[in-house]
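Notes for the one structure printed next.
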Amino acid sequence: MGSIKVAVLGAGSWGTALSNLLAQKGVNTVLWGRDAAVIEEINRERENKRYLPGVKISHELIANADLEFALKDANFLVAAVPSQAFRDLLQKIKPYFKPEQILVNTAKGIEEGSLLRMSAVFTEVLPEHRDNYTILSGPSHAEEVGRGIPTAIVVSGYSPEKLQEVQELFSTEYFRVYTNDDLTGVELGGSLKNIIAIASGICTGLGLGDNTRAALVTRGLIEITRLGIKLGARKETFMGLSGLGDLFVTAGSRHSRNYKAGILIGEGKSLEETQKEINMVVEGIRTTRAAYQLAKRLGVEMPITEALYKVLFTGLSPREGLFGLMTRAKKEELNF
Ligand SMILES: NC(=O)c1ccc[n+]([C@@H]2O[C@H](COP(=O)([O-])OP(=O)(O)OC[C@H]3O[C@@H](n4cnc5c(N)ncnc54)[C@H](O)[C@@H]3O)[C@@H](O)[C@H]2O)c1
Ligand SMILES: O=P(O)(O)OC[C@H](O)CO
């Protein structure tokens, strides 16, 4: 793609997979990571063994631990760090940020404390560049994108022209990018599905059946939609790639860190043991606490989120949590 340059910031699983996709497409791409040992390994072995083992990295990809080098003359900055590190990354890039640069956020989460979505964090740090913010979300495991497995994803943001530029940048014959102007819905769908994925994993860890998981995922979609509507999102977005799509891929996949975390917790492991064993970001843990607080503040009913919050943070056992959900007051089904 001509003279376009992209800086991918964060050399974990997703940053590695996306930068590799762009480099394979012929885009001048620099992958920046804060860990010099990981960067060195990528350049030497053409593999990121900790975060994306088994995926061959294109010789066209430049990995570098110097942020200024990565940002210089970049048209697009792709932020691929956990949501709790997004503000910190923005503070680091702020001195270099240019009015024409487009920021593509890929983090799926809500900031703890402020309870802000990533777009709002961006606007706090770089208020004069609000329209340069976009987000890429949807069902996309790095392990599969890294192997060229057909994937569909969605981009959202404020400026329709910028969404089209990001759509054009990432689209390949195996990576299909849609646009959706419901930024609130796209951000919340991608973030809140992780809560339901952990709960789904807990059902598996407890040795329960497909009926239970299907019930949990369906009721989970309804409650995350309910919170989304309250915050101004469109209901339909939760039926799309960043809602149902991402829930489907996360709540039962062997690749999902959130689902795997749930399995370990259902099997009786503590939260600390679980995080140590997975050794990569499990976004849904902190998102559960943030969503629980948001739901309380706004008076939105989110029984699965509340039960998971109690299991993760107050010592309720997974079985007690499930029993509580099954024996709640009787309801109508479609209570958005
Ligand atoms: N892995 C996937 O399949 C996938 C797909 C779509 C979206 N995402 C989202 O992308 C985000 C990143 O996930 P990931 O899978 O790459 O996580 P990861 O745990 O694999 O990697 C995180 C990377 O961020 C770096 N990092 C952490 N804090 C940092 C900071 N303050 N400054 C700079 N770098 C920092 C770490 O060193 C690591 O390289 C998450 O929000 C996740 O939900 C992941
Ligand atoms: O591995 P997970 O659970 O963080 O999920 C990764 C992506 O969000 C899937 O779309």
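Glycine residues also receive a Cβ, built from the backbone N, Cα and C atoms like all the rest.
According to TrEMBL, the residue from K108, K162, K276, K296 that belongs to the sn-glycerol 3-phosphate site alongside G138, S140, K193, D246, S256, R257, N258 is K108. In the record from TrEMBL, residues S13, W14, R34, Y51, K108, R257, V281, E283 bind NADPH; the candidate from A142, A214, A215 listed for the same site is A142. With every protein chain in view, the residue among the binding-site residues A11, A142 whose Cβ has the most Cβ partners within 10 Å turns out to be A11. Proximity of the binding-site residues (G10, A11, R34, S140, N258) to ligand 2: a Cβ under 6 Å from the molecule is found for S140, N258. DSSP labels the residues of the domain 'Glycerol-3-phosphate dehydrogenase NAD-dependent C-terminal' (182-320) in these numbers: 107 helix, 0 strand, 32 coil.
Counting other Cβ atoms within 10 Å of each Cβ, the binding-site residues G10, G12, G15, G138 show the lowest value at G12.
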